[in-house]
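Input: a single structure, listed below in structure tokens.
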Amino acid sequence: MGEMSSFQLGVIGALFLSVASSVSIVICNKALMSNLGFPFATTLTSWHLMVTFCTLHAAQRFNLFENKSIDIKTVMLFGILNGVSIGFLNLSLGFNSIGFYQMTKLAIIPFTVLLETVFLKKQFSQKIKLSLFLLLVGVGIASITDLQLNFVGTILSLLAIATTCVGQILTNTIQKRLNVSSTQLLYQSAPFQAAILFVSGPLVDQFLTKQNVFAYKYSPIVLAFIILSCIISVSVNFSTFLVIGKTSPVTYQVLGHLKTCLVLAFGYTLLHDPFTDRNILGILIAIFGMGLYSYFCTQENKKKQADPLECEMKDKEDKPFLAHEKEGHEVKSSDKNSI
């Protein structure tokens, strides 16, 4: 019982850290890009990953965690895939309208469920699917404003969805099968993610913004916000790997849509963004869907604990926000002006 309670507290802490850090970095980046005119999202993400790696390297040198060697080919491909997915997401945001980009993010959950069902043989009950459907409807009502389609933008969105889903599934799978922690996996893969974005980031940003990141005039306040964004990103990157490893890719995406609702609410209260009855209705439906998702997952996991023999015969299903069993283990844009 003590081990279960400790694990449950760990999951709660990971979820809280993920929500708090992600909402903070979105607000910080929105101020940096909208108010201060620094539009280089992909390059900024490469700096985030470099700072994250340097921080973890210092922590490892002080023996705050034990480094565990992972097959270099696995880590390299994993890191490159995650870096490419970030690039595709930013390109999708650049080529599509806000509404279509939000649809791209919403499509990640059903596509992840499909991939896990087909390739990992996971089973999702009708109740879980219903709760996810309500969640997606609510977020769609709250955040989608228009749906302007174009061929290039659609292709980029499909590539972004595919690479993001595969990357998040691998994050969970690698940690469990190789028995590595979220910190160890992030420490090993961050250099490769940072490298591919450091090379491609300035080109992607110049293509999207028609500006050169190296020709930009950096004022002291811009530098201060960049440093603050990089510091917060360490928590964002760490909590992303932690949540996916402790729960599942689907639960992480559900949590991501909670962040979207919180960003909308914070944008209204702190930044005085426009807010309508439609936003409020959508957020309420999304929260209701998230509540059902957590409740149904909890009930199904209790049934598995009551019959461990049957649990072993069936594939493990998705975990709830407050999991009761131990299974091991953007930066994404919320709108046109944030990563």
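Any Cβ shown, glycine's included, is placed from N, Cα and C.
In the predicted model, the domain 'Sugar phosphate transporter' (21-294) shows an average pLDDT of 87. Residues or ranges marked as domain 'Sugar phosphate transporter' in TrEMBL: 21-294.
According to TrEMBL, the transmembrane segment annotation covers 38-58 (among others).
For the transmembrane segment (70-93), same-chain residues at least 6 beyond its ends with a Cβ under 8 Å from one of its own Cβ atoms are 41-42, 45, 49, 101, 104, 153, 156-157, 159-160, 163-164, 166-167, 170-171, 174, 178, 180, 184-185, 188-197, 200-201, 204, 208, 330-333, 336, 339. The transmembrane segment annotation in TrEMBL covers 70-93 (among others).
The transmembrane segment annotation in TrEMBL covers 132-149 (among others).
Taken from TrEMBL, the feature transmembrane segment applies to 155-173 (among others). Beyond the transmembrane segment (155-173), the same-chain residues lying 6 or more positions past its ends with a Cβ under 8 Å from any Cβ of the stretch are 78, 81-82, 84-85, 88-89, 91-92, 95-96, 100-101, 103-104, 107-108, 111-112, 115-116, 120, 185, 240-241, 244-245, 248-249, 252-253, 329.
Sequence-remote contacts of a segment are chain residues at least 6 beyond its ends whose Cβ falls under 8 Å from one of its Cβ atoms, and for the transmembrane segment (185-204) they are 40, 42-46, 49-50, 52-53, 56-57, 60, 65, 67, 70, 75-76, 78-80, 82-84, 86-87, 90-91, 171, 174-175, 212-214, 237-238, 241, 245. Sequence annotations record features per position, and here TrEMBL assigns transmembrane segment to 185-204 (among others).
The feature transmembrane segment is assigned by TrEMBL to 216-238 (among others).
Taken from TrEMBL, the feature transmembrane segment covers 250-268 (among others).
Per TrEMBL, transmembrane segment is recorded for 280-296 (among others).
Same-chain neighbours of the transmembrane segment (38-58): 29, 32, 65, 83, 86-87, 90, 93, 183, 186-187, 190-191, 193-194, 197-198, 200-202, 204-205, 208-209, 211, 213, 216, 222, 225-226, 229-231, 233-234, 236-238, 330-331, 333, 339, counting only residues six or more beyond its ends whose CB sits under 8 Å from a CB of the stretch.
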